[in-house]
Each structure stands twice: as C-alpha cells, then as structure tokens.
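A single structure is presented below for examination.
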Amino acid sequence: MTCKIIGCGGYLPPKVVSNDELAKFVDTNDEWIRTRTGISQRHIAGDTEYTSHIALKAAEKAIADADISVNEIDLIITCTTTPDNSFPSVATKLQGYLGLNNVPSFDLQAVCAGFVYGVQVANSLISSGKYKTILLIGAEKMTSLLDWEDRATCVLFGDGAGSVILQRSDDNSGIIDSNIFSSGADYEILYTNGGVSMNGSSGKIIMQGQKLFRLAVEKMHQSIEELLRNNNFTVNDIDYFIPHQANVRIINKLAELLNVEDHKVVKTVEKHANCSSASIPLALSTLKASGKIKKGDIILFSAIGAGLTWGSALLRW
C-alpha cells in the first residue's frame with residue numbers, strides 16, 4: 001500500500017519586493033542578485049500575517065483541488081522552520097482554524113528538506129493503514145529570520161506556503177519510494193544564531209555560501225542516483241524534476257550532472273525566491289495549475305536544508 005497526491009495548493013503573500021526595491025536599502029543590485037541566484041523578486045508576509053495564516057490559505061486551496069470534505073482529513077503535518085510560537089505547533093493552530101476537532105496534528109522541522117521528509121512520514125503512516133487522508137503543508141515566513149544588512153542571505157529568501165492532500169492509492173499511482181538523510185556535523189554551514197534554549201531569540205540566518213553550494217549539489221545528486229537505482233528507474237524515465245528552489249545555479253548544476261533535459265526541470269525560484277520547506281509544494285502547485293501534468297507522469301522531488309538534511313522522493317501521478 002502507498003499513497004498518492006490527490007490535490008495541491010499554494011499561497012504567496014501579496015506584497016512583492018523586486019531586486020531593485022531591495023537595492024534601495026541593501027548594498028546590492030538586480031544584476032548581482034540575478035547572476036548569482038536567478039532571483040528577480042520575493043513575496044513578503046505582513047507583520048500580522050503569520051506562518052499559520054499562510055499555511056491555512058494553501059491548505060484550503062489543496063482541499064478544494066482534491067475535491068474532498070475537510071472532515072475527511074485525519075492527520076495534519078506542517079513542515080516549518082518559522083512557527084508562530086515556540087509552542088503550540090502551527091499544525092495544531094491550523095487544525096483549530098479548520099474545525100477538525102481531535103484530529104492529530106504536529107510540526108516537522110527539517111528546514112528546506114522538510115517537505116521531502118514530510119512526504120516520507122506521510123507515506124509511511126498511510127501505508128501502515130493507520131491514516132487514510134493526510135494534509136501535508138510546507139509553510140514559511142523566512143523573512144522573519146533575515147538580517148537585512150547581510151546581502152549574502154537577505155536576497156535569497158521569501159515567504160509562502162504549499163500544501164498537498166495525500167490519500168491511500170488503490171492503483172499504481174502514488175509515492176514509489178523516497179530517501180532522507182542528515183549530517184549534524186555540517187550544521188555550521190547553515191544555521192540561525194539564536195534559539196529558545198540558546199538565547200531566547202529566533203536569531204538570524206548565518207550561511208557559508210560556497211560550502212553549501214558544493215554540498216547541496218553533491219548530496220542531492222547522490223540521493224537521486226540512489227533512489228533511481230534502487231527502483232530500477234533512469235533519468236530518462238523522469239517527466240518532471242522539482243528540486244528545492246534555493247538558487248538557479250544549484251538547480252542548473254544538478255540538472256547538468258543528472259543529464260535532465262531543461263524542459264523537464266521546474267524552476268520557480270525567480271519569482272518565489274527560497275521559501276524553504278514550501279518551495280517544492282509551491283512549485284508543484286504551479287506546475288499543476290499550468291495543466292502540463294498528466295496521469296502516469298513520473299515526478300522527482302529533491303531537497304537539501306540546514307542540519308544538514310536532505311532527501312528525494314519519486315512518485316507516479
């Protein structure tokens with residue numbers, strides 16, 4: 001038994017900040033940002049627009065897309081690095097917004113790899129027979145973690161949420177396989193310099209960009225090769241490749257190493273920037289809305305995030 005995605009939805013806050021606007025208060029310019037990242041703009045949530053609020057909007061779109069009653073959902077998993085509160089979880093707040101009394105809900109924190117981790121967890125829970133319909137969300141207000149004077153990081157991130165409905169599959173569609181990994185020895189490559197038990201603050205993002213670029217390509221490449229090999233697939237079998245939308249140079253280098261044709265690679269980083277755990281479900285929602293996906297298509301997800309955490313998932317639509 002496996003599970004399949006029966007609906008998806010994405011939400012981006014209405015406020016858009018272009019590179020030119022960013023250059024008014026940061027020592028940067030549009031050419032510098034585009035050349036190094038491929039990003040032209042990012043969406044930024046308002047001061048009173050929290051992660052749970054943007055998660056709800058993405059969830060409602062996924063529920064509508066799946067054409068199910070909200071009461072069919074029997075578990076909620078929210079992948080996030082930027083919760084509203086230290087506790088309770090975003091997922092339980094979302095459960096309350098949706099009126100799903102007693103439905104178990106929890107947050108999963110694997111930073112930018114969170115959605116891939118969430119896919120594996122949700123698939124395992126549905127495959128066990130314990131749950132039938134899971135709402136899985138990646139939602140982030142990454143701009144709350146930015147030092148707006150650090151041009152190496154503040155140009156990279158945006159806010160947004162993406163959501164999917166996963167349900168038991170009775171045919172050959174659904175999650176084929178996935179893998180997840182972590183390496184705590186590399187945590188200083190990307191982290192925040194704050195935390196509840198450290199100094200009582202959320203901190204700001206600290207990143208070693210060159211090291212992260214190299215490891216991102218290396219780790220995702222290894223993860224994908226292993227996943228394809230273990231399931232007797234080749235790159236030629238892939239119809240759409242949806243990598244984490246962190247940086248177009250990482251995406252292009254990974255696609256080059258894998259020899260994936262460019263028209264199969266989904267790229268939303270230019271307009272979305274890096275939305276961490278929301279980036280893959282947002283990209284999936286964008287692809288689905290384009291009408292290009294057809295039943296039977298093979299889709300590959302891959303992501304890497306702080307931790308380090310990384311992994312990939314293979315599914316048949």
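Each residue, glycine too, has its Cβ placed from N, Cα and C.
Copying in the features that Swiss-Prot gives for the protein in this structure:
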- Cys112: active site (ACT_SITE)
- His244: active site (ACT_SITE)
- Asn274: active site (ACT_SITE)
- 245-249: region 'ACP-binding' (REGION)
Just how many other Cβ atoms lie inside 10 Å of the Cβ on His244 (active site)?
29
Across all the protein chains here, work out how many other Cβ atoms are within 10 Å of the Cβ of Cys112 (active site).
31
Within 10 Å of the Cβ of Asn274 (active site), how many other Cβ atoms are there?
24
Average the pLDDT scores across the region 'ACP-binding' (245-249) and report the rounded value.
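The average pLDDT of the model in the region 'ACP-binding' (245-249) works out to 98.
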Express the distance between the Cα positions of Cys112 (active site) and His244 (active site) as a whole number of Å.
7
Roughly how many Å separate the Cα of Asn274 (active site) from that of His244 (active site), to the nearest whole number?
8
What three-state secondary structure does DSSP assign to His244 (active site)?
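Once the DSSP labels are grouped into three classes, His244 (active site) ends up as coil.
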Would you mind pulling the DSSP three-state label for Asn274 (active site)?
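SS state of Asn274 (active site) = strand.
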Translate the DSSP assignment of Cys112 (active site) into the three-state scheme.
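Once the DSSP labels are grouped into three classes, Cys112 (active site) ends up as helix.
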